[in-house]
Amino acid sequence: MFNFLKGVVGGSGGGQKDLPYNIGDPYPSAWSSWSHFRGTSKDDGSPVSIFSLSGSNPQDGRLAAGRNGVKRLRTVRHPNILSFLYSTEVETVDGSGTKVTIYIVTEPAMPLYEKIKELSLEGTQRDEYYAWGLHQIAKAVSFLNNDCKLVHGNVCLESVVVTQTLDWKLHAFDVLSEYDGTSGTATGPMLPYEWLVGSQYKSVELAKSNWVAIRKSPPWAIDSWGLGCLIYEIFSGMKLGKTEELRNTASIPKSLLPDYQRLLSSTPSRRLNASKLIENSEYFQNKLVDTIHFMEILSLKDSVEKDTFFRKLPNLTEQLPRQIVLKKLFPLLTSALEYGSATAPALTALLKIGSWLSAEEYTLKVLPTIIKLFASNDRAIRVALLQHIDQYGESLSAQAVDEQVYPHVATGFVDTSSILRELTLKSMLIMAPKLSQRNLSGSLLKYLSKLQVDEEPAIRTNTTILLGNIASYLNDGTRKRVLINAFTVRALRDTFSPARGAGVMALCATSSYYDTTEIATRILPNIVVLTIDPDSDVRSKVFQAVDQFMQILKQSNEKSNAGDTAHAGSLGLSSMPGNAGLLEWAMSSLTLKGKPLDQAPIAASNSVRPVTTTTAASSAVRVSSSSDFADAPAPPSPTLTDGWGEIENGVHEEQYSDKDGWDDIKPLEEPKPSSALANIQAAQKRPVSQPKPQATSLRSKSTVKAVATKDEDDDLWGSIAVPTPKIASKSLKVKTSGAVEDDDPWAAIAAPPPTTKAKPLSAGRGRGTKAAAPKLGAQRINRTSSSGMQ
């Protein structure tokens, strides 16, 4: 029989060294003769609790009861019963004889009495936590009594432990036995090991060993008395000394007092069932119990209930005990988000609770959940992640952003929702510094090229702002080709005035990357024509930019005259006093809060209102986004093959087009602009001749760097600064225009031809032909609009 019991508890071994766990420091208290130790697994170092019981006589009654407890703990499973992991029985021989030790390994836990002292809760928070703990123990007792027909026999303070998540769990099953109520005439003990129970914890009938009365009583009679003892001990703050102390109810909460008295009824049949205690007691109806209970059955709730709950949760967490929120509620919240049972507002609560953690805990507990959420297909989750990226973005590692986060975020650039496209764009301000050159130049710039022709004017504006802010992360070759063309050819020719203003400011903010030749031949000619822009805010920015760029040229000239030519060709705006303000403006416009999904797409234009400072300019923002674009054909839908092309960073991806996105740049097809703006645009489209020595120098540099197959690709971005005849049709008589340009290079600005676009179409209609001019017009519209004109 002894060998059989040894096999039940897990076999024998050679001592502590054979345990797969390391035994640590003991706790000050444990139930009965057991010792409670901290421990760790030898495999992975995970924490555990180790209980040991020793005896010198193999037939010792305490060892027999301990074996009963091991068997019961192994077979009885419930969320509120301590989880069993491992057990063994060890025999050791010393000088005086044989010593037998039983080891039980469970999930990590500590005695309830010690945990209460550690938490030091007071007032309402203490009562709420006690209510939650008693609620859990009452469920465990109800499970044993009502579902399993088992009697624990010794529910008290020492038989309860607290896990790392602050859950209360029942253990100490040495006395546990089946309820034998069917044998009404039996006189033997129903609880073979009842002698282990302290006299102060015994009910009246158990103290008298009246087994006949016990068998006639309901299954919960003995354990309901034990629940009463537990309630007294936790509220009085001391262990029960004798049974008479239970009559002292001064420390018992008034809402719990009636149930407390029914639990300790002198008549066993009248004692309150633990299940009724949970259902009827007013004491268990508080915020903490309701919140945790809702989270535990979250999968059973509908979407409306979930949404309402998670919107209230951030404020609710301020009112709950901080330790319980961090150790109990927070794990439930992260699990709900990872497995999809929580809605998007839960992310706000997650980040708020996460802000209470240390930097190490935040990295271990919050960031893994956030990284997993980026793979979610739920658009609301993706929007919430992007709206709050300023709270966690800096904590993400560069490797995680580049390999795990960015591939999922990049899908938002081509999303049909304008809100999601704009939020994705703004998130790049934080992600760009952590991207590799492959993703930065080979992927991100292609998406930004498409967003500069987005149908939403606010997105076009913010794209220019973003490009100015991330310019420092691009390599030199990429900056040379991208910046000037993006800011002048697209931004300065945009019909949305804040977009033109953003282009001017971006040029100023990135001036340190341009040499004097680029400033004189490519930047100033494009911005000077905007000094007569219809928008006063744009004009003021242009005059400031002209002054600053002229100052750069003057400084270059002075250094050149002084013989210092080392830095004469590359003077930037970094030395100019206004540069810091420009960068601050660009960044602040990018960190505006996102809009909810149910807003109309046109509302996105309001996100760039800080760009304009006058009332007239603000009105122009609204008009441009609502009326000016109402009748205009839709701009081309971005695709994965019309980006900025292969950048000179050593990355060549075959899935992208060989042509750079800036090669055939044309402004959006918009309704006929005002006469002043039409003159500006016409002047911008006329080429500006460069001095021949400088052109030769630029040509030699581009020949070394560029990889191209056509003559116009020898200088990839030069074709934008000086458009080649391939863009225009023969019917426009380019040769005649070229002759005029050779005679007077500035004639394009002084006297722009008023019919640059309209002449081919009107001429075709006048002749009644169908082959020449109408065909050219259709081809041109197809390149700039996905919808075309019918």
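Using N, Cα and C of the backbone, Cβ positions are placed for all residues, glycine too.
What TrEMBL records for 2-284 is domain 'Protein kinase'. The repeat 'HEAT' annotation in TrEMBL covers 366-404, 523-561. What TrEMBL records for 619-645, 682-706, 744-790 is region 'Disordered'. TrEMBL lists 619-632, 746-760 with the feature compositional bias 'Low complexity'. Annotated compositional bias 'Polar residues' per TrEMBL: 691-703, 781-790, in sequence order.
In terms of DSSP secondary structure, the repeat 'HEAT' (523-561) contains 36 helix, 0 strand, 3 coil. Sequence-distant contacts of the repeat 'HEAT' (366-404) (same chain, six or more residues past either end, CB-CB distance under 8 Å): 334, 337-338, 340, 343-345, 347-348, 350-351, 354-355, 357, 359, 412, 415, 417, 419-420, 423-424, 426-427, 430-431, 434-436, 439, 591, 593-594, 597. For the repeat 'HEAT' (366-404), the number of residues in each DSSP class (helix H, G, I; strand E, B; coil) is 30 helix, 0 strand, 9 coil. Confidence across the repeat 'HEAT' (523-561), taken as the mean pLDDT and rounded to a whole number, stands at 93.
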